[in-house]
Protein chains: 2
Amino acid sequence: MATMSRSGYGSDDEDSTPAMRRLRRLSLHLLQPSDRPAPEGANSLVPAACAGRRRAGGLDADAAALTAYLRGRHRATQDRLYRFFVERPELHTPVELPMAAHRELCFRQMAALVREAGVRPLSLMADDPDEYFAVMEAVGGLDISLAVKFGVQYSLWGGSIINLGTKKHREKYFDKIDNLDYPGCFAMTELHHGSNVQALQTTATFDSVTDEFIIDTPNDGAIKWWIGNSALHGKFATVFARLILPLQGKGGEPADMGIHAFIVPIRDLETHAVLPGIEINDCGHKIGLNGVDNGALRFRSVRIPRDNLLNRFGDVARDGKYTSSLPTINKRFAATLGELVGGRVSLAYSSVGILKVAVTIAVRYALLRQQFGPPKQPEISVLDYQSHQHKLMPMLASAYALHFARRYLVDKYSEMKKTNDEDISADVHVLSSGLKSYITSYTAKSISICRESCGGHGYAAVNRFGGLRNDHDIFQTFEGDNTVLLQQVAGDLLKQYQQKFKGGTLSVTWNYLRDSMSTYLSQPNPVTARWEGEDHLRDPKFQLDAFRYRTSRLLHSVAARLQKHMKTLGGFGAWNRCLNHLLTLAESHVEAVILARFIEAVKR
Amino acid sequence: MATMSRSGYGSDDEDSTPAMRRLRRLSLHLLQPSDRPAPEGANSLVPAACAGRRRAGGLDADAAALTAYLRGRHRATQDRLYRFFVERPELHTPVELPMAAHRELCFRQMAALVREAGVRPLSLMADDPDEYFAVMEAVGGLDISLAVKFGVQYSLWGGSIINLGTKKHREKYFDKIDNLDYPGCFAMTELHHGSNVQALQTTATFDSVTDEFIIDTPNDGAIKWWIGNSALHGKFATVFARLILPLQGKGGEPADMGIHAFIVPIRDLETHAVLPGIEINDCGHKIGLNGVDNGALRFRSVRIPRDNLLNRFGDVARDGKYTSSLPTINKRFAATLGELVGGRVSLAYSSVGILKVAVTIAVRYALLRQQFGPPKQPEISVLDYQSHQHKLMPMLASAYALHFARRYLVDKYSEMKKTNDEDISADVHVLSSGLKSYITSYTAKSISICRESCGGHGYAAVNRFGGLRNDHDIFQTFEGDNTVLLQQVAGDLLKQYQQKFKGGTLSVTWNYLRDSMSTYLSQPNPVTARWEGEDHLRDPKFQLDAFRYRTSRLLHSVAARLQKHMKTLGGFGAWNRCLNHLLTLAESHVEAVILARFIEAVKR
């Protein structure tokens, strides 16, 4: 949130510390100039070039309409939150802040949002996900740490209650999570297992005598690691653990029922003391997001009531009997993880917001900054250089395209939440994996290019690229490592491909593949076949055809390669042998989806 | 500098704070295991996989020989400095440190290096540049801020005295710069002019009455900006300014003699108070390198004696008459900037060191970290995944290739310093531009890939990717923006190309172009012409031919395009129209140079 004064350097401001003067000078250099007359004195910096460009094209009216179209129906909500925080400077995150103070500030920011600005995030998440994501983006404008801590509290801890629990859990926890009386954590990742959730080792053993589960960390590798909100503020954690039922396995052995989620109180509600049997260590400094208190949790025979099992997809009765509407461990695991898709949607959403901020700063600066020029003529804006245009303009166009892709993703997600339709769910699962991966990788690369394109001034902390990059970096990893998520997309495409040959139908987003694949062998490559000059190359229909043809071709060829290697290497080996091919396929598909949404949006 | 204890988690260590335990756990996960027996207790983490791999190939003996070959003749110097700093924990930079404390620590680190470890960096720079760069790399292992502050003090401030001054300057300043009695700055960049040094606006006007120069900052845009060592510690600054001789221009106007360098005292030698007429503001927090005190300098009629002109390439006599061994402003400017090439050499050198650190961390972790695997079998190392190999293995190979390229660069630079040969100087100028640009861009991208490939644990601050990336980031910008430097390479190639057609000779590094270009029109593309299967594709001679053919082709084609556009757009417009083509040409050339050095080194 830019809070830099716009008053000109050289004016008689009350605030004349060196730091403030520096800020003011830089702000003149970087911010869009206002329409105020220039400050007195011939020595002032004159940022006229950018202002002139802005006015020259008469774009202001269009820009307003475009902004309204882009920002959609929750613009008022976001503006209200921006105003709320602008008026509370004590809640702004300074450039330098020790980790401990940053964490406390971050909690105060969230408390102010809930208790003073009156936002009820969990209710929004349940009733209007679209507005929920808009709120998350707005609080990310104050501090990305806040957006992530907010995401832990509501998307993850709150979301686990809503999506994996049943009525009894909602009644007991919903309101107190919503009003922040119950800060909580989402304890899935372990030191030795991040991506491979199915191999988590923490156990929850049912004790039929006391009607309790006993939570245990069997070894150091099973310590819950990176758990946000746990080092300082969490009162509860949703712990993912293998459900063990003693005596119910073969030959009276314990039966391992697979991964389930359990509510585990970790701190005393009154004294905030860590509860017995629980050890919490601090994960310490991170590259960014140091306002979030990540911790490591170890459990030593921690007993919780049977009711604390989040039992939507599987339950244990008083007598220890297991029941579930789903027949196998794998199906229950898929259903459990499937409900957590909201986290990925929110990351894709926030990442687009961060991309917009970075591109805006870089493009504005490129207009203002002048360097070199033709002999004996004024210097030209660096944006006039071909190399600079090639760096920034595709990024600007992509920011629009990705904006519409996230719009589509959120609409689908909202529809899924409303209808519980299975086809839409499957679609959202893969779409969110693909877009989260593609968008966060793109944004991460772009922030670095933006920094570099702003030269030395891009390296000043106040100009934000460092903070944006450091905070955003982990978006590529959490809620699913990008390389792993792309494989899920590829796997789904292959499943659809096989179903096609078995005569099945394709899911909604993939519909285009049916057409592409049907004609694949008969139809020539659109790039070579239909070349008709510039008009043709600029035709969106042709462009989309080319993108889809590429995907179809990659899908067809990787399926053949997999089949070939399967015989000698087995399924896992064949997959690994073709891994780069598969990742290219997934990216190609995601790009085709993004382009389709972009073309649709431009038409509107 | 890794100072983490290697003792195992679970052992009865004296130091049992949560932070130390966390560090120990992580160190087990990330560091190469020692040959000590595993610590007691079944709960300990077992990092056997990596150790097993290391031993399996019997590579240890070869590794020692390779290390000796790679680290070269200054290994002992580096090891001595590592030991010196390891034994001084109070000089280690902690993970969290406020900027003000970091700056003071950084000065103490440098003072200890000079006054306790007895290093004389300026003498090394003058007598044995190769050892100087090795020292710089070693201190960068303690803190990259220290390496950069060291570079400001010695390569830049000291280098300006040695390279731009004459005997009188050496006598007065050399020893006191070397022993750190005279900390100093290099004040070239201004707020409005970074890359375009020739357009700097600060003036130095000769006053023949008092036999002094008067230094002035004519407007805010001319404030010297980002000047390292100036916010806190500098006593002097080498200021780049336009030399103005009153009454000597046309019609009695002042004559602008172009950019010259002047020694300007900025703080009192006794009291350290900022001197009259000088205003120093703090540039504040940066993305990284916060141990370096960058400041902004403004001069208001600051008078310095005539002797303070660094007069190697141009001098002013007592009567105000200007003399120079070089005939034009442009030649003097080129000679002045040409002497500063050492800064670029040191950045290319240090950047390779940083790349090695990042790649080592990532590869070790990829061997240790296991995730997923074939059904019912143990999980496999993430380095066994094709996608991971494609991320890290080319980077590892490049680290070797770039190591040999920097070796070559330093040798050439040392030769230049010894011989003052003009051809070698021209060669070093372009070679250092190309390698600095290529290497720092490559390292910057690689650090991000390394972080991502280490997943969540890569995001922990102790694992260094964040610090490396933030500190290294600006290597792409300072001492010449990478995009600008590549254009110098392209410009030089074109000059050589034109000379060839005029019958001139080519400079040393470019020799291959003579052969390539001579046969360009008659000889077929080596890639299509000589395809003979795997053996041929692996033949270094073929590979180098292919790289050189690409450069020749790009050079030939861009020369034709430039000529075409020149007619309608003029020189500047034509250059800009072909800018991406030119940058590709420059990169292609640098890659051919790197490959040639790599092949040569592998042969040895």
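Cβ coordinates come from backbone N, Cα and C, glycine included.
According to TrEMBL, the domain 'Acyl-CoA oxidase/dehydrogenase middle' annotation covers B:185-302.
Taken residue by residue with DSSP, B:THR189 (FAD binding site) is part of neither helix nor strand, so it is coil. The annotation FAD binding site is assigned in TrEMBL to B:THR189, B:GLY228.
Per TrEMBL, the feature domain 'Acyl-CoA oxidase C-alpha1' maps to B:338-493.
DSSP classifies B:GLU479 (active site, proton acceptor) as coil under the three-state reduction. The number of other CB atoms found within 10 A of the CB of B:GLU479 (active site, proton acceptor), across every protein chain shown, is 24. For B:GLU479, the entry in TrEMBL reads active site, proton acceptor.
Marked as domain 'Acyl-CoA oxidase C-terminal' by TrEMBL: B:539-603.
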Measuring Cα to Cα, how far is B:GLU479 (active site, proton acceptor) from B:THR189 (FAD binding site) in Å?
10
Within 10 angstroms of the C-beta of B:GLY228 (FAD binding site), what count of other C-beta atoms is obtained when all protein chains are considered?
26
Going along the chain, which residues six or more apart from B:THR189 (FAD binding site) have their CB under 8 A from its CB?
B:LYS224, B:TRP225, B:TRP226, B:ILE227
On average, what pLDDT score does this prediction assign to the domain 'Acyl-CoA oxidase C-terminal' (B:539-603)?
94
Where does B:GLY228 (FAD binding site) sit by DSSP, helix, strand or coil?
coil
DSSP-assigned states of the domain 'Acyl-CoA oxidase C-terminal' (B:539-603) in counts, ordered helix, strand, coil:
63 helix, 0 strand, 2 coil
So which of the recorded positions B:THR189, B:GLY228, B:GLU479 end up next to chain A, with Cβ to Cβ under 8 Å?
B:THR189
